[in-house]
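What TrEMBL lists as region 'Disordered' is 1-30. The annotation compositional bias 'Polar residues' is assigned in TrEMBL to 7-27. Residues annotated as transmembrane segment in TrEMBL: 79-103, 115-138, 159-182, 202-223, 230-248, 299-319, 331-356, 376-398, 429-448, 454-475, 487-505, 511-529. The domain 'Amino acid permease/ SLC12A' annotation in TrEMBL covers 88-572. Per TrEMBL, domain 'SLC12A transporter C-terminal' is recorded for 583-673.
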Amino acid sequence: MVLRMIAQNNVRSTNNDPVESSESSPITGGANGVGTSRLFRQFGSLFSSPAPPSDPAGYVEFGSISDPVASSGRTLGTFAGVFCPVALSMFSALVFIRVGFIVGNAGLYVTLLQFIIAYVILLFTVSSVCAISTNGAVEGGGVYFMISRTLGPEFGGSIGTLFFLANVVGCGLAISGCAEGIIQTFGPTDGTGSGTIPDGRWWRFLYCSSLNTLMLIVVLIGAEMFAKTSMMILGVVVICLLSTYVSFLTQGPMEVSIPHENSLVNFTNASYTGLQADTLWANLHANYSKDYTSNGNQVNFAVVFGVLFSGVTGIMAGANMSGELKNPSKSIPSGTLSAVLFTFLCYMALSVLIAATTTRTLLQNNFLFLGPINLWPTFVTIGILTATFSTGLSNLIGASRVMEALAKDRVFGPLMSFVVKGTYKNNPIAAVIASWMLVEIILLIGSLNTIAQINSVLFMLAYLATNLACLGIEITGAPNFRPTYKYFSWHTAFIGLLGTAIMMFVINSIYALSSIILCLLLVIALHLFSPASQGAQWGSISQALMFHQVRKYLLMLDSRKDHVKFWRPQMLLLVSSPRSCCPLIHFVNDMKKGGLYVIGHVKVGEFVDNDSSNDPTIEEYTQWLSLVDHMKVKAFVELTLSRSVREGIQHLIRISGMGAMKPNTTILGFYDEEQSKDFFEYEDSPYKTNEFDGNGIKLFPYRKSGESKALGVVEYVRIIDDVLRMRKNLCLCRHFHRLDKQMIARNNHIRYIDVWPVNIFEPKNEDPFDVVSQFMMQLACIINMLPVWKKLELRVFLCESETVSENSAAFERPAEHRLDQRLKMLRISASIHKIPEWNKDIDFAKHRNILKQFTGNSDSNQVMAEENINRSKLYMQRINQIIRDRSNATAVTFMYLPTPPATPSVDYNEKCHHYLDLLTELTFDLPPTILVHGIDAVTSTTL
């Protein structure tokens, strides 16, 4: 298969978060050729050199092929497998019945220019085909295989489907042209209905069906039969073409009759002059007329170019035989380029000879004039029949091989499984028959011009995708894209891409736009329904392009240019076991507001020098990515191995993110003794799954009842202090195992999001909106913007005390008025609620001084008295009761988190225990609660 060109590091944008406890705390957790008949060997070896002992492309993704002939039935060489199909497909019917139409209307100058333009586009597209085919082992499926393994399953499958349809339509077009040649030769010629064979719509359908069935028999015999037939037919076509050249050089002047179906003129004959300078001079410039085969429609440059280009769209015929080629990486470039050069020289010579020998009147009024002026008119008839028959044969086998490749890749799931089952001796019998049936349907359309335009546009879209694939890989600079074909660069791919895109719309803008829309619909459908594993197996260019763009913009993102107006939360959620904190993981995903979301986990252990085992976080990383998929959150995952949880969290805070995209807010679960709950096993849990229970082993183990915590109180408080000293905003989350987002959406009883913007440990009236309170309000406002949470009312509780100095500026205006003004300045819609019980506590000032001992603002040498400790707990219980009384209909509560005790202090360990005890009392039996401490300003009141 094709070399995987893009090293994927697809860090999924999903979720996961905090630490142990009920929520979890910072504790660690524990077109188309496929292999064909063996009959190929007898004939293919006569026309190809022995295959090299190894593939020149080097690395083969799904297994190397040491002996292609013996192991996979590859028997065709460059001439039989590539040159002949490409040359025949590019000749088609154009070489005998359309070149005169082109020269007669566009003139020799414009004709030569159009051929040059067409072949330049084809040459650059061939360069892209050669680049892909020499960058790895090419297997069956031709163009589809190349595009799918480069662009990924979505684009590859959609383009492959359109390419399959293009081959089907192309086969119908060729058969219709062949039937026309038969009827014009053996059918009625004088308009009376007399002739060797009858004419009519259903008679033509019968002739077309007979030809289609004959092709079916040839293709069912196998691709070698096709190779034998194509070589023989190419020989016949070349002989007929040589007879045409000889006739131009030897035949003298004559009169040629005008066909009876041409009703646009009233004369019956036109002149053939032979080689004359005057005839050449008269045919140099353009002189567009009306097309007598399409009800007299006016001909112009676009029409002429559309006719020309539809006849030379066969450059992929060799790539379609990739499954039968002994050495596709060598045969496809050399065979295709040789055929392109050969047909180009033939067309150029034919155009010059026609312009120098035939009057414009004859060229515009008899498209089959090559027959009467030939020394052996039968040769032209034979040439038309053989060229169109071979083109149809090539398209039919190409369609069946693309269909087989699509089925093998399960692009459409089990829908095409019958194709794989219907394969006999590597020949896809079911795919051939299915393609034949679709061709029969195309033949019912009848309109040759309509079929031709659709065919051209579909092929052009396949060429566009091929150039796009190569251009994308070249832009990304993927180091594994090293084609042995040396004449490819991004310039050739870009010119080919631009040329094919323009020519699609030149041929027919409506069909071009329709095909692009159909392609995009297929891309969306395959993205939604195709197996996700295919992208990982093949590699997708989208991953490489995203990596290239993300790296570029990350380098442009400068943290020194950050402005508070554009601040958004960048979350680092520290998780011990996700089993016990699924609701919190989802809640933080909501709260990130389009910002960075990282789920961090610390695994306690050591990376020992003499231990031969791998880093344990490597295996666990994929498990966490699967968890992110299951939770359906947009988060990255960061794991670290450390001797302690505290040290590991420091690592995660420092290394999470990249460049200017680094977390600014750290979230921990609360440290308490509540029993953890397994949301993966809980029967009514929306997160229930057995995905992480395999072979009797539960992934993401959590602390069960009776088990001791792996993290001590002092270490937990030190982690809080570390986070703040590392200048990160901090959130401690408690009771989130009670959060039921579905109930909030259904139940009208839950109506509020509450904010308590007062430091309970040190309340003040001077500024109810300090940095911490503003950060708290910002988070609450973000949550209130989301669909499920939007229906809730945001409440801000004003806690006024009467113990403030009378000299304070707080008395200049009521605190409620100042708070209301601040909310309006911040554009936050919230109701203000005063707490009358707050002022009834006569020991408020004393409690404030006592509580201050447990924070970082206290005197580090101050010794705590037992009486003060008990009094503080009683005070916290009183505050907790006030909050609980107002939280019956509350979904989430935001509260002020005071700073922890200063590290170098007397009785530090004891202070840590009391600090955490007071927070526990404060948040006891509340709704899901977030204790918040902000570091820097996050709101702006200016433009």
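Glycine residues also receive a Cβ, built from the backbone N, Cα and C atoms like all the rest.
Unlike curated entries, TrEMBL annotations are predicted automatically.
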So, do the transmembrane segment (159-182) and the transmembrane segment (115-138) meet, by the test of 3 or more Cβ pairs under 8 Å (sequence gap 6 or more)? no
Maximum Cβ pairs under 8 Å to the transmembrane segment (376-398) among 79-103, 331-356, 429-448, 454-475, 487-505 is reached by 79-103
Below 8 Å between Cβ atoms, which of the listed ranges 79-103, 299-319, 331-356, 429-448, 487-505 makes the most pairs with the transmembrane segment (202-223)? 429-448
Hey, would you say the transmembrane segment (299-319) packs against the transmembrane segment (331-356), going by three or more CB pairs under 8 A that are 6+ residues apart? yes
Taking a Cβ cut-off under 8 Å, which residues six or more beyond the ends of the transmembrane segment (230-248) line up next to it in the same chain? 47, 79-80, 84-85, 87-88, 91, 95-96, 275, 346, 349-350, 353-354, 356-357, 370, 373-376, 379-380, 382-383, 386-387, 389-390, 393-394
Under 8 angstroms, Cβ to Cβ: which one of 79-103, 331-356, 429-448, 487-505, 511-529 has the largest number of such pairs with the transmembrane segment (115-138)? 487-505
Can you check how the pLDDT averages out over the domain 'SLC12A transporter C-terminal' (583-673)? 89
If one takes Cβ-Cβ under 8 Å and requires six or more residues beyond its ends, the residues near the transmembrane segment (331-356) are 48, 76-79, 81-84, 86-87, 90-91, 95, 99-100, 102-103, 107-108, 111-112, 115, 119, 122-123, 126, 129-130, 133-134, 138, 241, 244-245, 248-249, 275-277, 279-280, 283-284, 312, 315, 318-319, 322, 325, 363, 485
Three-state composition of the domain 'SLC12A transporter C-terminal' (583-673), taking helix and strand from DSSP: 36 helix, 22 strand, 33 coil
